[in-house]
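The feature active site, 4-aspartylphosphate intermediate is assigned by Swiss-Prot to Asp598, with a curator's inference given as support. What Swiss-Prot records for Cys22, Cys25 is Cu(+) 1 binding site. What Swiss-Prot lists as Cu(+) 2 binding site is Cys84, Cys87. Feature annotation from Swiss-Prot assigns Mg(2+) binding site to Asp796, Asp800. The domain 'HMA 1' feature in Swiss-Prot is assigned to 11-72; the stated evidence is sequence analysis. Residues or ranges marked as domain 'HMA 2' in Swiss-Prot: 73-134. Per Swiss-Prot, the feature domain 'HMA 3' maps to 172-236; the stated evidence is sequence analysis. The region 'Disordered' annotation in Swiss-Prot covers 142-169. The feature transmembrane segment is assigned by Swiss-Prot to 265-285, 293-313, 329-349, 359-379, 474-494, 514-534, 541-561, 801-821, 865-885.
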Amino acid sequence: MDIPQGGVIMNHFALALRGLNCMGCARKLERQLNQDLTVEIETLTPTSIELHTHATLNEVLTSIESLGYQGGTEQTYQLQGLNCGRCVNKLTTHLSAQAEIAKLHVSKERLSLVTTLTAEQVKALVAEVGYQAIEAEQESTFAPAASIDEKETDTPDAENSSNTEATEASSQTLSLLIKGMTCASCVASVEKALLSVEGVQSAQVNLTEQSALVRGIFANPQPLLNAIQSSGYQAEILDDPAQQQAKQQAQLEALQKEHKQSALLGIALGTPLMLWGVFGGNMMIRNSSDQMVWGGIGTICFALLLTAGRHFFMNAWQALTHGRATMDTLVALGTGAAWFYSMLVVAWPQTFPDAARHVYFEATAMIIGLISLGHYIETKAKSNTNRSLQALLNLQPQQATLVTEQGDQSIAVADIQLGMSLRIKPGEQVPVDGVVSTGHSYLDESMLTGEPIPVLKEAGAKVAAGTLNQDGSLVITATGIGAQTMLARIIQMVRQAQSSKPAMARLADQISSVFVPVVVVIAILSAALWYLYGPDPKASYMLVVATTVLIIACPCALGLATPLSITVGIGKAAEMGILIRDANVLQTASQVDTVVFDKTGTLTLGKPSIQSLHVLQGDENQLLALAYALEQQSEHPLAKAICDYAKQRNISPVEISQFTNQRGRGLLADYQNQTVLVGSLAFMQEQGIDLSMAESTLEKFAAQAWTPVAVAYRGMLQGVLAIADPIKPTSAQAVRKLNELGIHTVMLTGDHTSVANAIAKELGISQVIAQVLPDQKAQHIQALQQQGRKVAMIGDGINDAPALALADIGIAMGSGSDVAIESAQMTLLNSSPTSVVSAIELSKATLRNMKQNLFGAFIYNTLGIPIAAGVLYPAFGFLLSPVVAGAAMALSSITVVSNANRLRWSKISFDQHSQ
């Protein structure tokens with residue numbers, strides 16, 4: 001908003017600030033602004049500034065950035081309606097005229113800017129020239145913030161990108177908390193409602209968490225809420241993972257309380273009635289006194305239906321008005337029919353044959369009580385399935401210590417800005433992602449990576465939110481806050497995976513969606529058959545059979561069979577430092593029979609180091625000083641190993657001149673007017689250096705797959721350094737266990753065959769494919785698949801990305817490149833090969849658990865419904881009681897939930913949590 005000041009219009013800006021650590025920084029900024037511009041500052045803190053100035057926003061931001069700080073709010077939008085370059089120019093001209101907008105970039109599909117305007121104001125400005133802007137939120141994935149920024153930044157070629165790419169890049173993922181779902185039929189209804197909304201690309205509804213993840217392009221999320229409401233449910237959007245978890249927990253606790261009260265009321269009333277009948281008490285209406293007594297009991301039972309059973313009837317009615325049937329429909333029909341029949345008998349006994357004047361009030365009460373008890377136990381168990389996610393959320397502290405010029409200050413984690421300096425004291429958890437600026441300490445990263453050994457952190461080392469500082473004190477600079485911390489991305493990835501569904505689960509959902517209507521039809525047909533062909537009293541038998549069929553059928557068990565197993569399995573994987581992108585991975589990983597390892601960074605540490613030093617002339621220090629002098633000017637991967645080794649030995653490089661790098665062969669330079677050579681054996685031979693004196697040493701190096709780097713001076717070989725990429729301590733364990741499981745192991749590497757074979761022999765790898773160019777790795781994966789193998793590829797580099805994407809399962813090391821991680825369906829945060837074994841075993845255990853749950857649910861319903869319909873009566877005279885049916889229904893759900901939670905205690909190799 002512009003205001004007049006001394007007769008001159010001045011601009012008013014309220015800007016967010018980043019990079020300022022204290023009020024000293026703020027005062028420094030104030031001096032810079034007054035030096036560069038004419039400003040009147042109203043308020044100034046390390047995180048915000050409000051000022052009046054004649055300058056434009058661009059000029060203000062330039063002044064702020066001259067000190068290394070950042071100001072303003074970055075906003076990104078997906079654009080619709082721009083068809084050509086003229087449209088882009090039109091919008092650019094219109095927005096450029098706004099003083100509150102800076103750093104503007106417009107393409108046909110995308111708008112990015114820094115502004116003091118709100119999102120609604122920006123959308124309104126875009127609408128003024130006939131276009132539409134939609135806020136673009138990149139889907140959270142396990143990738144560093146920098147890589148996300150790179151993906152979202154437009155390039156000059158952005159206009160030529162396909163519409164598909166633009167759509168995918170701008171997709172939002174919204175988390176919804178849903179209230180009112182009770183069974184798989186509800187899940188199907190909610191998914192159908194969400195998918196009917198324009199712009200929705202996918203919808204994943206989770207019965208266990210009472211939540212939904214919706215992906216698509218939304219100008220306004222309100223239609224999603226309207227669609228759910230029109231289906232008879234309630235929903236709200238939750239962006240904050242901690243808030244979502246808290247609300248889900250509160251919802252579960254409220255349901256527990258409701259089910260507990262209903263169970264107590266139902267069982268308290270039903271138990272004496274049932275015992276009265278069991279021990280020979282009269283439950284027939286024979287005279288007026290029976291009518292009075294049972295009429296009173298019927299009234300009490302009606303009150304029970306209005307209180308403890310109220311939610312069954314309300315949910316059933318709501319489902320009916322929306323043209324569907326749910327588990328509540330079955331309970332409401334069964335208990336309602338039993339009560340209504342009994343009241344008819346009480347009111348007009350003369351209309352029924354003597355043998356049919358039996359009342360079933362005990363069935364009404366006990367069914368409500370037992371099913372509510374089952375729901376209570378089930379809901380309590382559900383809250384345990386989210387324990388892994390809650391543990392992740394609990395890792396981030398609420399307060400942090402901000403380092404300022406005035407001393408340390410306590411600050412809320414939500415108020416931390418990028419660039420702030422934070423002190424991490426012994427025993428404290430790291431509040432945000434950052435880089436260590438001063439201090440050193442060991443950090444326990446086991447809660448994120450599953451790796452129990454603390455990791456040393458010194459200046460320059462990266463730290464992640466949620467890790468635990470041990471005995472030292474650190475000062476870190478915040479580099480990732482809020483949703484961009486590794487912890488937040490892990491939580492989002494786990495939540496998405498838990499809401500996804502493998503093929504087996506989708507099949508179960510399809511069956512569940514038609515289950516209730518089929519059961520209602522079976523109940524009606526059974527009642528008709530008993531009425532037509534059953535013994536007297538027909539009406540009584542008809543009621544018992546129909547009620548029992550309705551009550552015993554349990555879509556709840558079917559609906560929970562797979563989501564619970566997935567939630568527990570993926571949660572356990574997260575505890576072990578294994579991130580799973582989609583639940584389908586569990587099903588595929590359980591079928592893997594071939595594991596392909598990249599070598600560098602996967603089986604090895606990816607950090608070449610000196611393994612041995614053989615001196616022929618002079619001493620070690622002179623040899624290292626010569627090698628260090630040349631290698632410090634090289635970019636070769638092995639050069640760093642030599643330089644680091646020399647630094648560790650406190651060796652100083654000699655002064656050289658005339659440095660020459662013969663790329664891929666070796667290095668030359670002059671030292672004291674004599675030539676120094678450092679490089680490969682082939683390079684030495686080209687330069688006429690005699691290697692025969694080191695022949696036995698070189699053979700020894702070759703046998704151990706060490707790479708020799710020779711050093712020559714004055715035309716004579718001075719010595720040889722052996723360099724190798726050390727094998728990870730856990731690689732041999734992983735390969736040995738995979739071989740025990742009958743899984744074929746393969747090493748796929750670009751390294752020399754001799755080196756690859758030596759490492760494969762040491763580790764016990766079955767097959768070696770060496771000297772493979774980066775673009776050929778995917779071809780070798782395809783060749784293995786053509787042999788009928790189910791292939792898992794494990795890699796960490798950019799060159800592994802195509803192979804990771806092509807494999808049946810792509811597994812990326814958490815220490816690897818962002819491209820590799822994005823191409824994989826699974827990420828190992830601890831970068832340990834043993835986690836591959838754990839992931840495969842856990843996938844098999846989860847799939848086995850899902851099959852057990854589905855088998856149990858199907859068998860229960862397949863046997864229970866016919867028995868309830870009375871198929872055993874002609875041969876054995878046995879007819880199931882509605883009360884027993886209610887108990888069986890409750891027990892089936894409890895069994896499924898308990899079996900899913902049993903997965904938490906499965907013995908998985910190399911799992912520190914189960915040792």
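Just so it is clear, glycine is given a Cβ too, placed from its N, Cα and C backbone atoms.
The structure displayed is predicted, hence computed values, not measured ones.
Overlay of Swiss-Prot annotations on the structure.
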residue	record	DSSP class
Cys25	Cu(+) 1 binding site	helix
Cys87	Cu(+) 2 binding site	helix
Asp598	active site, 4-aspartylphosphate intermediate	strand
Asp796	Mg(2+) binding site	coil
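Counting other Cβ atoms within 10 Å of each Cβ, the lowest count among the recorded positions Asp598, Asp796, Asp800 belongs to Asp796.
Packing against the transmembrane segment (265-285) from elsewhere in the chain are residues 291, 294, 297, 300-301, 304, 307-309, 345-346, 349, 357-359, 361-370, 372-373, 883: each is 6 or more residues past its ends and has a CB under 8 Å from a CB in it.
Across the binding-site residues listed here (Cys25, Cys87), the residue whose Cβ sits among the most other Cβ atoms within 10 Å is Cys25.
Mean predicted confidence for the domain 'HMA 1' (11-72): the pLDDT average there is 78. Cys25 (Cu(+) 1 binding site) and Cys87 (Cu(+) 2 binding site) are 42 Å apart (CA-CA, integer value). Remote same-chain residues near the transmembrane segment (865-885) are listed as 270, 274, 334, 338, 360, 362-363, 366-367, 370, 519, 522, 526, 530, 534, 541, 544-545, 547-549, 551-553 (criterion: CB distance under 8 Å, separation of at least six residues from the stretch ends).
In this structure, the CA atom of Cys25 (Cu(+) 1 binding site) is 47 Å away from the CA atom of Asp598 (active site, 4-aspartylphosphate intermediate). Asp598 (active site, 4-aspartylphosphate intermediate) sits 8 Å from Asp796 (Mg(2+) binding site), taking the Cα positions as reference.
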